[in-house]
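Enquirer: The structure that follows is given in the form of structure tokens.
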Amino acid sequence: MERLLVLVRHGQSEWNLRNLFTGWRDPDLTERGVAEARAAGRGLKRDGYGFDVAFTSALIRAQRTCALVLEEMGLSEIPILRERALNERDYGDLSGLNKDEARARWGDAQVHAWRRGYDVRPPGGESLKDTAARVLPCYVATILPRVMAGQRVLVAAHGNSLRALVMVLDGLTEAQVPDLQIRTGVPLVYRLNADTTVASKTVLDQDVDAGR
């Protein structure tokens with residue numbers, strides 16, 4: 001039985017381009033973000049992947065990425081389930097602030113701890129640990145059962161919600177989290193064993209400019 005799980009972070013958003021903390025704010029994709037999503041779909045189709053169901057967050061940048069990936073694959077008709085639990089980490093009072101301005105105000109070390117630490121909350125926001133506390137139950141209760149039943153599953157979400165998932169799938173420690181990068185529009189392809197552990201992982205790098 002095939003147990004396929006593919007994770008993809010949304011393409012570049014307007015606030016990614018402007019170097020702003022985004023969190024639960026809802027900017028759309030940039031032109032490059034659209035191209036990244038389409039490239040991900042082309043690459044997945046080229047390599048012979050298909051999906052039976054897709055999950056995404058309540059935010060437009062992830063939803064559009066999901067739709068564009070599936071459109072490129074000719075799979076726009078499959079069910080797309082929106083889960084608020086897959087939303088990006090809530091950056092609280094940092095949301096909408098320029099990251100360089102935040103570093104100037106609070107210092108590099110503090111901003112790095114807020115962005116990359118596991119259990120450090122920005123003012124009024126969530127830590128990665130908090131984010132994992134809503135993402136992982138959603139994965140276990142809603143996504144994983146479909147994978148284990150043999151459905152091929154796509155998850156289009158966000159840097160931090162996917163970091164929480166990858167931490168578990170890859171067996172990473174809290175100390176390894178600061179170095180974990182989830183790139184925009186790059187599919188992470190997992191095949192799972194019968195006991196839900198990871199059998200294999202493939203990173204599908206894409207040529208964003210091809211086919212534009």
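Glycine residues also receive a Cβ, built from the backbone N, Cα and C atoms like all the rest.
Residues annotated as active site, tele-phosphohistidine intermediate in Swiss-Prot, with sequence analysis given as evidence: H10. Annotation source Swiss-Prot lists active site, proton donor/acceptor at E88. Taken from Swiss-Prot, the feature substrate binding site covers 9-16, 22-23, R61, 88-91, K99, 115-116, 159-160. The feature site 'Transition state stabilizer' is assigned by Swiss-Prot to H158.
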Enquirer: Would you mind sorting out which of H10, W15, E88, K99 (the recorded positions) have a C-alpha within 10 A of the one on H158 (site 'Transition state stabilizer')?
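Expert: Neighbours among recorded positions, in sequence order: H10, E88.
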Enquirer: Which is it, of R9, K99: the one of these binding-site residues whose Cβ has the most other Cβ atoms within 10 Å?
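Expert: Most Cβ neighbours within 10 Å: R9.
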Enquirer: For E88 (active site, proton donor/acceptor), what is the secondary structure state per DSSP, taken as helix, strand or coil?
Expert: coil
Enquirer: The residue listed as 'active site, tele-phosphohistidine intermediate': which of the recorded positions G23, E88, R89, K99, G159 is the nearest Cα neighbour?
Expert: G159
Enquirer: Calculate the distance in Å between the alpha carbons (Cα) of W15 (substrate binding site) and E88 (active site, proton donor/acceptor), and round it to a whole number.
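Expert: Pair distance, Cα basis, whole Å: 13 Å.
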Enquirer: If you draw a 10 Å sphere on the Cβ of R89 (substrate binding site), how many other Cβ atoms land inside?
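Expert: Around the Cβ of R89 (substrate binding site), 28 other Cβ atoms lie within 10 Å.
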Enquirer: What is the separation, in Å, between the Cα atoms of G159 (substrate binding site) and the residue listed as 'active site, proton donor/acceptor'?
Expert: 7
Enquirer: Find the one among the binding-site residues R9, Q12, G23, K99 whose C-alpha lies closest to that of the residue listed as 'active site, proton donor/acceptor'.
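Expert: Going through R9, Q12, G23, K99 one by one, the closest to the residue listed as 'active site, proton donor/acceptor' is G23.
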